[in-house]
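Look at TrEMBL and you will find 20-44, 56-75, 87-116, 136-164, 193-221, 233-249, 269-288 tagged as transmembrane segment. Residues annotated as domain 'G-protein coupled receptors family 1 profile' in TrEMBL: 37-286.
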Amino acid sequence: NLSVVSEFVLVGLSDAPEIRLLLFVLFLVIYLATLAGNISILVAISTDSRLHNPMYFFLGNLSLLDLLCPTITVLKMLEVLLLEDKVISFTGCLLQLFFLIDVVGTEIFLLAVMAYDRYVAVCHPLQYMNVVSLKLCAHLALGTWVLGFFNSLLHTSLIFTLFFCDSNEVDQYYCDIPPMLALSCSPTYSRELVILTVAGVLGGGAFVVTLISYIYILLAILQMKSSESRHKAFSTCGSHLTVVCLFYGTTIRTYVRPSTTYSPHQDRIVSMLYGILTPLLNPIIYSLRNKEVHCALRRVVSQV
């Protein structure tokens with residue numbers, strides 16, 4: 001006889017009780033800094049008409065995703081660290097996984113769209129406004145959100161139609177695909193095959209578009225005559241590419257692999273890189289180093 005699991009216990013951070021308070025303060029500070037950075041960008045973009053162009057439209061979408069991603073996972077983690085309330089209901093776990101995969105998938109597709117946008121701007125500047133119209137931007141952004149939604153719906157339905165029995169301890173600080181597969185007592189081979197195929201095709205396709213776009217951008221930069229312009233462009237693109245590779249590398253490491261290679265301790269570190277670190281870095285790398293955003297934020301502060 002098998003007993004059906006109605007709730008799960010998140011044990012990802014419970015093995016370090018002596019530094020629980022320190023971890024709580026650290027993650028709270030990072031979370032608040034992430035909120036402050038991304039909200040500032042959203043306010044600047046929405047209130048300053050000078051920033052109403054395709055590039056900042058996509059950056060606004062990225063900031064919104066970077067607000068949602070840590071909110072989905074970090075709030076529960078803070079609750080576990082402060083109150084030691086490690087229990088999450090079956091429905092709560094399902095919703096957490098669904099929204100996490102939705103946001104992560106949408107960001108993967110959005111980064112590819114942003115890379116294409118920068119490719120057109122750098123390599124075909126005279127045709128930029130004709131190629132990347134506001135209507136096309138709206139369609140591309142909507143497409144990333146819709147694709148992320150249905151991708152998450154597929155993955156969530158594959159995971160939560162599995163049977164969970166015996167242990168209900170999730171060896172992670174939030175509900176995610178690898179620990180849920182490891183926890184299930186149902187055969188997972190067919191579902192893993194579907195997950196790997198879908199993640200490989202969609203994620204791999206987005207990564208290829210992003211990589212090719214940046215290769216063309218770097219080739220265009222090398223042809224610039226001014227060394228100062230080359231240095232500035234290399235600095236900007238290098239920062240963008242670093243964050244993109246960090247995000248793609250960690251998400252591919254997490255989702256595009258069989259469950260037999262699941263390692264709880266390694267996965268906690270990797271998941272923190274794309275779930276906590278990149279939402280903090282994105283506003284700094286993409287926007288807060290930008291003079292136009294600085295001016296917009298100063299105007300907002302002066303008005304307040």
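Note that Cβ sites are derived from N, Cα and C of the backbone, with glycine treated the same way.
Taking residue pairs at least 6 apart in sequence, the transmembrane segment (56-75) and the transmembrane segment (136-164) share three or more C-beta contacts under 8 angstroms.
Nonlocal intrachain contacts for the transmembrane segment (56-75), taken as residues 6+ away from its ends with a CB within less than 8 angstroms of a stretch CB, comprise 27, 30-31, 34-35, 38-39, 41-42, 45-46, 96, 99-100, 103-104, 106-107, 110-111, 113-114, 117, 134, 137, 141, 144, 173-174, 275-276, 278-279, 282-283, 286-287.
Counting Cβ pairs closer than 8 Å and at least 6 residues apart in sequence, the transmembrane segment (20-44) and the transmembrane segment (193-221) reach fewer than three and form no contact.
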